[in-house]
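The structure follows.
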Amino acid sequence: MAEIHEECGVFGVYHVENAAMLEYYGLHSLQHRGQESSGIAVSDGETINSYKGKGLTVDVFQKEKLSAMKGNTAIGHVRYSTAGGQEAENIQPIVSKGHNGCLAVSHNGQIDNDVELRLELENHGAIFQGTGDSEVILHQIQYERGTLLERITQAARKLDGAFSFLVMDEDRIYAVRDRYGIRPLSYAPCRQGYVISSETCAFEVMGIYESYDLKPGEIVEFSKDIVKHYQYTNDISHHMCAMEYIYFARPDSVVEGKNVHTFRKESGAVLARKDQDLHADIVVGVPDSSLSAAIGYAEESGLPFETGLFKNRYVGRTFIQPTQAMRDQSVRMKLSPVESVVSGKSVVMIDDSIVRGTTSRRIVQLLKSAGAKEVHVRIASPVFAYPCFYGVDTSTRAELIGARLNVEEICDYIKADSLRYLEVEDMREVAGQIGLCLACFDGKYVTNLYTHGKELED
Ligand code: SF4
């Protein structure tokens, strides 16, 4: 139950009748990646029309609005704002109508060198509407010369950081992934065309079970009913965000060929193998993202998996307030302990991560107030000690409890009877061949941090 947020989800539809409606279903499946705003841009082959607003996809788009958005090619976006704030101008897709024609861009991630690029573009006359880094992508593409593919290629080579983005003109979509492969991006054939998504769970709701991942540094062009692949750089590495597996992605998604639920279950099993000497009665997962790891722990340890915590699904993010008092209250509103399950028991409580420590402390307190005899906290990720600069809203280093206290001190703070984390090496073992970014755990960032370095200071 991490107190961190994914920044965005992107979804594209190429050459499928009534693209806006399919786009709506795609964004709805990606809603967990961003709930603050939602937007769709549709091309009818001649022009691009867009509609976007603050709120969930179901609130922004009604049937009449979608029916009025004619065309068979579309891109969309769900957003949780960090880079750029909540202004309406930062809601995506960002659409421009310039001398090169119409362009729309949807972006997931964070551009590290956006400040430098923005300054350079402004010096060359670019006028920015919003404050977000995604607009830098659009302006950079417009600034370059040549065909659209050449302009995207040049722009992608200049961008540094984490990005998976879609670019749409009147009759094509280009999907682009950063050279480090930090954010996921997949595509799949759909009827006579294609769909492109941040996560494969959006394909599965459409009955599509075969999909392909973009490679790091790749541009995939969807035009004239065919797919073409280009590598904008061969200087690539494989650093999929570990947090996608731990917390962000839906358990039914497949990221880099590995099902997210399976990854979490295996992480739970590793934790259980380290607990040979622990005598407990039941295993309880903090819903929802820790349930898979709790099942894995229970299977490996032979202890019963129980629903010891119940999640109220109707509490929106509106209630997550910045003050400590409101955060405490929001935990109570979201989670209830099941007294008849935990009372008198020694509980192994599995959670995905500890960020500030306050949420874990409240959950331990909830279980104990419901009569749990002991609460042994097991975290299905390593100690979270460094902020993320790749499109995830984490706290500053000073706010991260893992940056200030050692494991024993954190255990005291959250008032658990014992505390254990996964090690970085355990994560690598579970990932197998998949290369991971683990920077928020080990501080080894894969890019030049440009102006962000100062945020690492205590
Ligand atoms: S720093 Fe952490 S949250 Fe950010 S991309 Fe890397 S693993 Fe993911």
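Cβ coordinates come from backbone N, Cα and C, glycine included.
Where the annotation comes from TrEMBL, it is an automatic prediction and has not been curated.
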Of the residues SER253, SER267, SER289, SER418, only one is listed by TrEMBL in the Mg(2+) site with ASP351, ASP352. Which is it?
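The one candidate that TrEMBL places in that Mg(2+) site: SER289.
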Of the candidates CYS201, CYS241, which one does TrEMBL list alongside CYS388, CYS437, CYS440 as binding [4Fe-4S] cluster?
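When TrEMBL describes the [4Fe-4S] cluster site, the candidate it includes is CYS241.
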Of CYS8, SER289, ASP351, ASP352, CYS388, which recorded positions come close to ligand 1, meaning Cβ under 6 Å from one of its atoms?
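Cβ < 6 Å from ligand 1, in sequence order: CYS388.
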For the recorded [4Fe-4S] cluster site formed by CYS241, CYS388, CYS437, CYS440, name the remaining residues of the chain with Cβ within 8 Å of the site's Cβ center, in chain order.
ILE182, ALA242, MET243, TYR390, VAL392, LEU438, ALA439
Taking DSSP three-state, what's ASP351 (Mg(2+) binding site) in: helix, strand or coil?
strand
Given the recorded positions CYS8, CYS241, CYS388, CYS437, CYS440, which one's Cβ is surrounded by the fewest other Cβ atoms within 10 Å?
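Among the recorded positions CYS8, CYS241, CYS388, CYS437, CYS440, the lowest count of other Cβ atoms within 10 Å belongs to CYS388.
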What kind of secondary structure is CYS437 ([4Fe-4S] cluster binding site) part of, going by DSSP in three states?
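Once the DSSP labels are grouped into three classes, CYS437 ([4Fe-4S] cluster binding site) ends up as strand.
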Between CYS440 ([4Fe-4S] cluster binding site) and ASP351 (Mg(2+) binding site), what C-alpha distance do you get in Å?
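Between the alpha carbons of CYS440 ([4Fe-4S] cluster binding site) and ASP351 (Mg(2+) binding site) there are 17 Å.
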